[in-house]
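First comes the structure, then the notes that go with it.
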Amino acid sequence: MEISWGRAMWRNFLGQSPDWYKLALLVFLIINPFIFLANPFIAGWLLVAEFIFTLAMALKCYPLLPGGLLAIEAVIIGMTSAAHVREEVAANLEVLLLLMFMVAGIYFMKQLLLFIFTRLLLSIRSKMVLSLAFCVAAAFLSAFLDALTVVAVVISVAVGFYGIYHRVASSRGEENDMLDDSHIDPHYKTVLEQFRGFLRSLMMHAGVGTALGGVMTMVGEPQNLIIAKAAGWHFGDFFLRMSPVTVPVLVCGLLTCMLVEKMRWFGYGETLPEKVRDVLQQFDDQSRKKRTRQDKIKLIVQAIIGVWLVTALALHLAEVGLIGLSVIILATALTGVTDEHAIGKAFTESLPFTALLTVFFSIVAVIIDQHLFAPIIQFVLQASEHAQLTLFYLFNGLLSSISDNVFVGTIYINEAKAAMENGAISLKQFELLAVAINTGTNLPSVATPNGQAAFLFLLTSALAPLIRLSYGRMVWMALPYTIVLTLIGLLCVEFTLAPATEWMTQAGWLATLS
C-alpha cells in the first residue's frame, strides 16, 4: 500500500535524518519569527544557538541544509538583508576561492602525497617514530595546503591498506566486503583488531598534526585567511606573529605524540602486526614494478608544482585561491588530465563546505545587524589589555570546541576590528587580539569533531566504521592533545605573546596595519 502524501513529504524532508531532528528544526523555523517580533536580540541569539546545534549534529544531517533553511528564514523575516549577506560574501571572497581552488588543486597532487605517506608507513618500523613522522608530515603539509585535503589523503592510504589485508584475511579476492568480518578466521580477526588500533592511532596523530600545522600559516585553515585579511597580514607576517604561541605548542604537541605512544595511553601504542606488514610490503613491491616511466614523470611534475605552491604562498605572488587555480591548470595540463568529468571530481570535496561557509556569512550578517556580541565584547574590553588576550582566547576556545572554528573566528575578528575602528582598542592591541583569536579557534577545537572540519571529515569518512572510530573514541583519543594544546596555548598568550611581538617589531621583522 502506498504511503500518504503527508508521510511522503515528511520522509523527503531532510531525508534519512531522525524524526526528532526534523521536528526540532520545524519548531525552530516556526518560533523564530514570533520571538523576533517580541525581542530581536533574543531571537538573534536563539538563531546562533540553533545554528551551533546544526553544526553539533552534523552526523545526523549535513549542516548546509538545516543551517541554510534557518539563514533563508532570517533574511525573509528581516533579521538581516540579502544585500548585507552579499557584502559579507564579497568581503570574504578570498576564503571561498581558497576552498574552491586550493582544495581542488591539491586533489591533482594526491598521487605524490599518497606516495609520501606510503613510504613513511612501510619504511619506518618504530611505532613512535612513525607516529611522529605522520604528525610532522601532516603538520607541514597543512601549513601550506588545506587540512581537509591532507586528512583525505591519509584516509585514502589507510582505506587502501586496510582493504589489501582484509582481502587476504577473508580469502575472497576482489569480491571482498570490507565491512563484513564473518568470513575471517579467528586468528586473522585478532591480527585485524590490532591493525585497526594501529590505523586509529595513526589517523588521530595525523589529524592533530593538521591542527598543529594549520594554525601557523594564513592558508592552513579557512578562518586564518579571514583573520589575516582583517589584520592586513601577508604569509610571512602571519607566520611570525603566530610563532610566539604556535612554535611552543607544536613542540609540546609532538612531545605529547611521543608520550602517549610510549605509555600506550588513551588507546595509542598499537603496533603494525608483522603479518600485515608482509602483505602490504608485497603489494607495494608489485605496485612499484608496475609503475611506468609516465607514472614516474607525473610524480616528478607534482613535486615541482608543490615547490611552486610553497614559493608562491611564501612570496604572496597572488591571492591564495588564484595560486590554487594555477595548481589545477599546471597539474592537469602536465599530467594529462583532460576530461571534464575527471576535473569535476576534484571539486566534490570542497564545494559543500564552500556553500556551508556562505551560510556562515549569512549568520554573521545577523550577528552584526542585531549587535549580538556587543555585550560580550564590552565585557571583555572593560578588562585590562593583558586580561583581554586571555579572555578572547578562552571564549574562542570554548565556542570552537562545540561549534565550527571558522564560524567562531569570523565573528570574533569582526568584533575586534570594529572595536579598533571605534577607538575602543589600539592597533597594537588589535594585532595581539588577532593572534589570541586565531590560536583560540584552532587549538582547543581539537577537543571534538565539531570544531575541526578535518576531524569531522574523518569521522564521516568510509574509513571510520572500518577501524571502529566512533565520536566518543575520537574525543577520548583527542583528550591528551586537547589538554596540552589548550594549556600551552593559554600560557603562551598570557606570558610570551606580547614581549615576543614587541621584540620582533623593534627588530623590524613585522609590518603593521596602515
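Sequential numbering from 1, following the chain as shown.
Backbone N, Cα and C atoms are what each Cβ position is placed from, and that goes for glycine too.
Going by Swiss-Prot, these are the annotated features:
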TRANSMEM  23-43  transmembrane segment
TRANSMEM  63-83  transmembrane segment
TRANSMEM  97-117  transmembrane segment
TRANSMEM  120-140  transmembrane segment
TRANSMEM  144-164  transmembrane segment
TRANSMEM  202-222  transmembrane segment
TRANSMEM  238-258  transmembrane segment
TRANSMEM  303-323  transmembrane segment
TRANSMEM  357-377  transmembrane segment
TRANSMEM  391-411  transmembrane segment
TRANSMEM  447-467  transmembrane segment
TRANSMEM  475-495  transmembrane segment
Check the transmembrane segment (120-140) against the transmembrane segment (23-43) for contact, please; criterion is three or more CB pairs under 8 Å, pairs 6 or more apart in sequence.
no
- prompt: Does the transmembrane segment (63-83) come near the transmembrane segment (23-43), with 3+ Cβ pairs under 8 Å (pairs 6 or more apart)?
  reply: yes
**Prompt:** Are the transmembrane segment (391-411) and the transmembrane segment (23-43) close enough that 3 or more Cβ pairs fall under 8 Å, when only pairs 6 or more apart in sequence count?
**Reply:** no
Long-range Cβ contacts under 8 Å made by the transmembrane segment (144-164), restricted to residues 6 or more beyond its ends, are 98-99, 102-103, 106-107, 110, 113-114, 117-118, 121, 134, 138, 176, 178, 195-196, 199, 202-203, 206-207, 210-211, 213-214, 217, 219-221, 279-280, 283, 309-310, 313, 349-350, 353, 452-455, 457-458, 461-463, 466-467
- prompt: So are the transmembrane segment (238-258) and the transmembrane segment (391-411) touching or not, going by 3+ C-beta pairs under 8 A with a sequence gap of 6 or more?
  reply: no
Residues outside the transmembrane segment (475-495) whose C-beta sits under 8 Å from one of its C-beta atoms, at least 6 past its ends, are 200-201, 204, 207-208, 211-212, 244-245, 248-249, 252-253, 256, 259-260, 265-268, 386, 389-390, 393-394, 397, 401, 435-436, 439-440, 443-444, 446-449, 455
